[in-house]
Amino acid sequence: QTQLFGVLLAAVSNFLISVSLNIQKCAHLRLACQTKPKPYYRSKLWWCGIVLLGLGEVGNFTAYGFAPIALVAPLGCVSVIGTAFISVLFLKKTMRAADILGGTLTVTGTCLLVTFSPNVPQELTARQVQNYLVSWPFLVYLISEIIIFCILLYFYKRKAVKHIVVLLMMVALLASLTVIAVKAVASMITLSAKGKMQLTYPVFYIMIILMATSCAFQVKFLNQAMHLYETTAVVPINFVFFTTSAVISGVIFYQEFQSAALLSVFMFLFGCLLSFLGVFVIARNKKEEHLQIPFIDCGHIPGQKLTGKIQPDSHSSHYGTLNNEDDLVKSQS
């Protein structure tokens, strides 16, 4: 029953996140259509989306205290499939056959995940977390992860390699530490709320620092990937990398599949594969939509004698540049 509660909480939380993202997108579109658009942070609709996003993230955080990492992390597919279907209502998008097929694959994979997920005790004490931290499988895993991360960071910084795989692999490596810390903190807070105080142990605050630090750098590299590449490419690849790293970290750190049968492990992995495939089908061939920015008539701008029109670059942070008369003379000569 505890694990089922964690599953339902994670599913509802990811659905709230998908609703919040669509509400925020809807708010931006409405503001862009206004003759005198106001800042987005003054929009009540945008703040409604932010509140729902916060509730969804808090629910996801709490779910780790009731269900295994290997089960909560793959349920992020609910957010992906929810975004695809809710956008039909909020943003008036057209339902595609690929959305229906991808949604079916994702739902089937999710059912397999829930059915064959590891059934392990979820009440983790501070002493158990301490023992997990100094276990040799985790130490080997941590050293290997640090070496791989340093190699990727070297290519990113020194060689200026900003390929999507390099960026999202660094995000996934950091995410594995994040989910380990999140589950430990959520479990200790849950036990403390039940009367078994765990907040006096130093490992609780160590895990909070690890969670905050890894999450901050994770957001940094993810924003870099979102800036350089299309969302339709970043979302499915990030989902696959994040889920894989989270499941591996749960297996190594919390030993979640230690007593699982071979058939259960196989069916769980098959469910993950179906969820990955469903997410890729939904994101495949989905075109990015940009706001339609009207042409700027230079003749109506004070101090400009030009009558031509320029089109702002939708990928730039500026609305274009206006050439002065000296620049025109130089260009003509």
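In case you wondered, yes, glycine gets a Cβ from its N, Cα and C as well.
Sequence annotations record features per position, and here TrEMBL assigns transmembrane segment to 6-24 (among others).
Nonlocal intrachain contacts for the transmembrane segment (45-63), taken as residues 6+ away from its ends with a CB within less than 8 angstroms of a stretch CB, comprise 6-7, 9-10, 12-17, 19-24, 26-28, 30, 72, 182, 186, 190. Annotation comment: TrEMBL describes 45-63 (among others) as transmembrane segment.
Taken from TrEMBL, the feature transmembrane segment applies to 69-91 (among others).
Outside the transmembrane segment (98-116) by six or more residues, the chain places 7, 71, 74-75, 77-78, 80-81, 84-85, 263-265, 267-268, 270-282, 284-285 with a CB less than 8 A from a CB of the stretch. The transmembrane segment annotation in TrEMBL covers 98-116 (among others).
Using a Cβ-Cβ cut-off under 8 Å and counting only residues 6 or more beyond its ends in the same chain, the transmembrane segment (136-156) has close neighbours at 162, 166-167, 169-170, 173-174, 176-177, 248-249, 252-253. Here TrEMBL flags 136-156 (among others) as transmembrane segment.
Packing against the transmembrane segment (163-191) from elsewhere in the chain are residues 61-66, 69, 73, 122-126, 129, 145, 148-149, 152-153, 155-156, 198-199, 201, 203-204, 207-208, 210-211, 214-215, 217-218, 221-222, 224-225, 228-229, 233-234, 237-238, 241-242, 244-246, 248-250, 253-254: each is 6 or more residues past its ends and has a CB under 8 Å from a CB in it. If you look up TrEMBL, you'll see 163-191 (among others) marked as transmembrane segment.
Taken from TrEMBL, the feature transmembrane segment applies to 203-222 (among others). Using a Cβ-Cβ cut-off under 8 Å and counting only residues 6 or more beyond its ends in the same chain, the transmembrane segment (203-222) has close neighbours at 126, 129-130, 133, 167-168, 170-171, 174-175, 177-178, 180-182, 184-185, 188, 234, 238.
Long-range contacts of the transmembrane segment (234-254) within the same chain: residues 68-70, 73-74, 76-77, 80, 120, 124, 132, 137-138, 141, 164-165, 168-169, 171-173, 175-177, 179-180, 183, 222, 225-226, 272, 275-276, 279-280, 282-283, each at least 6 residues beyond the stretch ends and with a Cβ under 8 Å from a Cβ of the stretch. As annotated by TrEMBL, transmembrane segment applies to 234-254 (among others).
As annotated by TrEMBL, transmembrane segment applies to 260-283 (among others). Only residues 6 or more beyond the boundaries of the transmembrane segment (260-283), in the same chain, are considered here, and those with a CB under 8 A from a CB of the stretch are 70, 74, 77, 80-81, 84, 98-99, 101-113, 115-119, 232-233, 235-236, 239-240, 243-244, 247.
Taken from TrEMBL, the feature region 'Disordered' covers 312-333.
Annotation comment: TrEMBL describes 313-323 as compositional bias 'Polar residues'.
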Under an 8 Å Cβ to Cβ limit, what residues of the same chain, 6 or more beyond the ends of the transmembrane segment (69-91), are close to it?
3, 6-7, 10-11, 14-15, 17-19, 21-23, 25-26, 29, 60, 63, 99, 102-103, 106-107, 109-110, 113-114, 117-118, 179-180, 183, 235-236, 239, 242-243, 246-247, 249-251, 254, 256-257, 268, 271-272, 275, 278-279, 282-283
